[in-house]
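Engineer: Feature annotation from Swiss-Prot assigns Ca(2+) 1 binding site to Asp25, Asn27, Asn29, Glu36. Among the features that Swiss-Prot reports, Ca(2+) 2 binding site is placed at Asp65, Asn67, Asp69, Lys71, Glu76. Per Swiss-Prot, the feature domain 'EF-hand 1' maps to 12-47; the stated evidence is sequence analysis. The domain 'Calponin-homology (CH) 1' annotation in Swiss-Prot covers 123-239 and rests on sequence analysis. Swiss-Prot lists 397-506 with the feature domain 'Calponin-homology (CH) 3'. For 518-627, the entry in Swiss-Prot reads domain 'Calponin-homology (CH) 4'. The annotation phosphoserine is assigned in Swiss-Prot to Ser268, Ser293, Ser326, Ser339. Among the features that Swiss-Prot reports, phosphothreonine is placed at Thr391.
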Amino acid sequence: MDEMATTQISKDELDELKEAFAKVDLNSNGFICDYELHELFKEANMPLPGYKVREIIQKLMLDGDRNKDGKISFDEFVYIFQEVKSSDIAKTFRKAINRKEGICALGGTSELSSEGTQHSYSEEEKYAFVNWINKALENDPDCRHVIPMNPNTDDLFKAVGDGIVLCKMINLSVPDTIDERAINKKKLTPFIIQENLNLALNSASAIGCHVVNIGAEDLRAGKPHLVLGLLWQIIKIGLFADIELSRNEALAALLRDGETLEELMKLSPEELLLRWANFHLENSGWQKINNFSADIKDSKAYFHLLNQIAPKGQKEGEPRIDINMSGFNETDDLKRAESMLQQADKLGCRQFVTPADVVSGNPKLNLAFVANLFNKYPALTKPENQDIDWTLLEGETREERTFRNWMNSLGVNPHVNHLYADLQDALVILQLYERIKVPVDWSKVNKPPYPKLGANMKKLENCNYAVELGKHPAKFSLVGIGGQDLNDGNQTLTLALVWQLMRRYTLNVLEDLGDGQKANDDIIVNWVNRTLSEAGKSTSIQSFKDKTISSSLAVVDLIDAIQPGCINYDLVKSGNLTEDDKHNNAKYAVSMARRIGARVYALPEDLVEVKPKMVMTVFACLMGRGMKRV
């Protein structure tokens, strides 16, 4: 780091800045580029017109990017805070960083005291999450030692320390992710707790949480901003699980005139929720809302939404619930919000927001409140008579979901909700290249917002660049794949590129551990067999297509060879196996691999069905874990 930037900066201040930098650097590539700045201002929810934000970002890039490489390095970031501190632009930048949820309280850097530097975190979020978790786990005997937590104290940060609550919440969001048999519930020594936290973090990663900056020690120490950040991701995945057309065909009722099902399927869960709320508001004769922050502060839209979705008692066995609208005319915003929440309580949906959260327009908690309303009372009817091609509504395949979760766990931006539609401008693919150490020249990349006219041309240019990078520096096999295919969302060809990205990522991890020695399938298979035989195990594998892998016994034995004694063989079935036996073995194997510290993205079914690509990633991750034993 250059001298000038560090002269008057203490170690604590530097740590604060590093943390702030990491929050803005969404793809964790060590640089901030302009689309990450756009995201920051979007999330900070600042009352600035779009043109003003664009001006600020241009100015920041102009002043901050001193070596003119189109991105801001950490040194340049420090320089902005040190040298440009007094300017209005830098003040706005600092305010945006402070407003982004879960970010440390950045003062004016040099004014920060080196002692007692405090990370700020959102009390509102803590309160909301504690109440949600208390309700979700109230009957779980394994959580009696910590549930119910007091939302007004720091109970939450202590409660997550042994990993059990986190594992349980992951399973509530994506059922069956973690095999309960792999969670340590008794005799919680520090080593056993470490294993639970490994299991929670690697499983969170496997369902698509971005956990790159979080370690088991952070959770054991209950670092508030990291705990809240992880919990929000886990809770949100659960809340959004059914806000997806293939899992909820009634959402087709939200189609607008002239809109195709394909277009509706491209919307993110957030966009679908907004569309859903507006569908009901329109039916009630109330004006539309554009967000779940400023537009809901007066609770009036919420009153109408509750009134529309409350059961009318017309279906058999459905009790009628009447919403009392008298609070609508209350003059005080807080009292009106309280009155609205009392009505939500009648529906069993008083969750996530307090009256103050509604009135302040907290975007995260209001989004959660609305998602929960949708999940309990969608109040939509699947359209019958329309000319709709329902065959489009096939859900994503397991492989597609695994790829998507892998990308999201690396913190790509924007978040990938739909594998093909969200890769059509190649921005995510270009970020993945950076993750596999293929340099990207961001000055060649077109970034959103794209112009109304010619938007697709801009996206296609990105796709062409992505294919070019794949052929040359990355040396992928991309025969017959062009930028147009990515831009069209061609499934087979997009998958071919994405698989090569994931494979390279997996092999890179091994090469880093093996001092740069090239890794390939044969090397992994040989290592697996050598490790098994040295540990006195009788299993072995011929290749990643070996049908014996479907019993998962080779995987289980390998885990036990890497960490002797960790497998409870009473839980493992051998001999003549039924499909159920195989599935139970695979489920245990995947969870145990994650528990000993392997970041496995594959699913138990991949082992049972011996899917060679995913099988390769399982053994490669275990080899990586095995090589760390030095």
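Heads up, the Cβ atoms here are built off N, Cα and C, so glycines get one too.
I would like each feature placed in context: is it buried or exposed, what are its neighbours, and how far apart are things?
Structural biologist: According to DSSP, Asn29 (Ca(2+) 1 binding site) is assigned to coil rather than to any helix or strand.
The Cβ of Glu76 (Ca(2+) 2 binding site) has 21 neighbouring Cβ atoms from other residues within 10 Å, across all protein chains displayed.
In the domain 'Calponin-homology (CH) 3' (397-506), helix, strand and coil residues by DSSP number 66 helix, 0 strand, 44 coil.
For Ser268 (phosphoserine), the Cβ neighbour count at a 10 Å cut-off comes to 18, with all displayed protein chains included.
Using a 10 Å radius centred on the Cβ of Ser293 (phosphoserine) and all shown protein chains, the other Cβ atoms total 17.
Of all Cβ atoms in the shown protein chains, 9 besides its own fall within 10 Å of the Cβ of Ser326 (phosphoserine). Annotation note: Ser326 (phosphoserine) sits in a helical segment as assigned by DSSP.
Of all Cβ atoms in the shown protein chains, 20 besides its own fall within 10 Å of the Cβ of Ser339 (phosphoserine).
Just so you know, the Cβ of Thr391 (phosphothreonine) picks up 7 other Cβ atoms within 10 Å once every protein chain is counted.
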Engineer: Taking every protein chain shown into account, which of the binding-site residues Asn27, Asn29, Asn67 has the largest tally of Cβ atoms within 10 Å of its Cβ?
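Structural biologist: Buried the deepest by this measure is Asn27.
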Engineer: Minimum Cβ neighbour count within 10 Å among the binding-site residues Glu36, Asp65, Asp69: which residue?
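Structural biologist: Least crowded of the binding-site residues Glu36, Asp65, Asp69, by Cβ count within 10 Å, is Asp69.
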Engineer: Going by Cα-Cα distance, pick out whichever of the binding-site residues Asn29, Glu36, Glu76 is nearest to Ser326 (phosphoserine).
Structural biologist: Glu36
Engineer: What is the nearest of the binding-site residues Asp25, Asp65, Asn67, Asp69 to Ser339 (phosphoserine), using the Cα of each?
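Structural biologist: Answer for the nearest of the binding-site residues: Asp25.
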Engineer: Taking the Cβ of Lys71 (Ca(2+) 2 binding site) as the centre, count every other Cβ atom within 10 Å, in any protein chain shown.
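Structural biologist: So the Cβ neighbour count for Lys71 (Ca(2+) 2 binding site) comes to 21.
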Engineer: Please report the number of other Cβ atoms within 10 Å of the Cβ of Asp25 (Ca(2+) 1 binding site).
Structural biologist: 23
Engineer: Please compute the mean pLDDT of the model over the domain 'Calponin-homology (CH) 4' (518-627).
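Structural biologist: That region's mean pLDDT is 98.
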Engineer: Can you name every residue in this chain, apart from Asp25, Asn27, Asn29, Glu36, with its Cβ inside 8 Å of the center of the Cβ atoms of the recorded Ca(2+) 1 site?
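Structural biologist: Apart from the listed residues, the neighbours are Val24, Leu26, Ser28, Gly30, Phe31, Ile32, Cys33, Gly411, Asn413, Gln431.
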Engineer: What is the number of residues in the domain 'Calponin-homology (CH) 1' (123-239) that are helix, strand and coil, as DSSP sees it?
Structural biologist: 76 helix, 0 strand, 41 coil
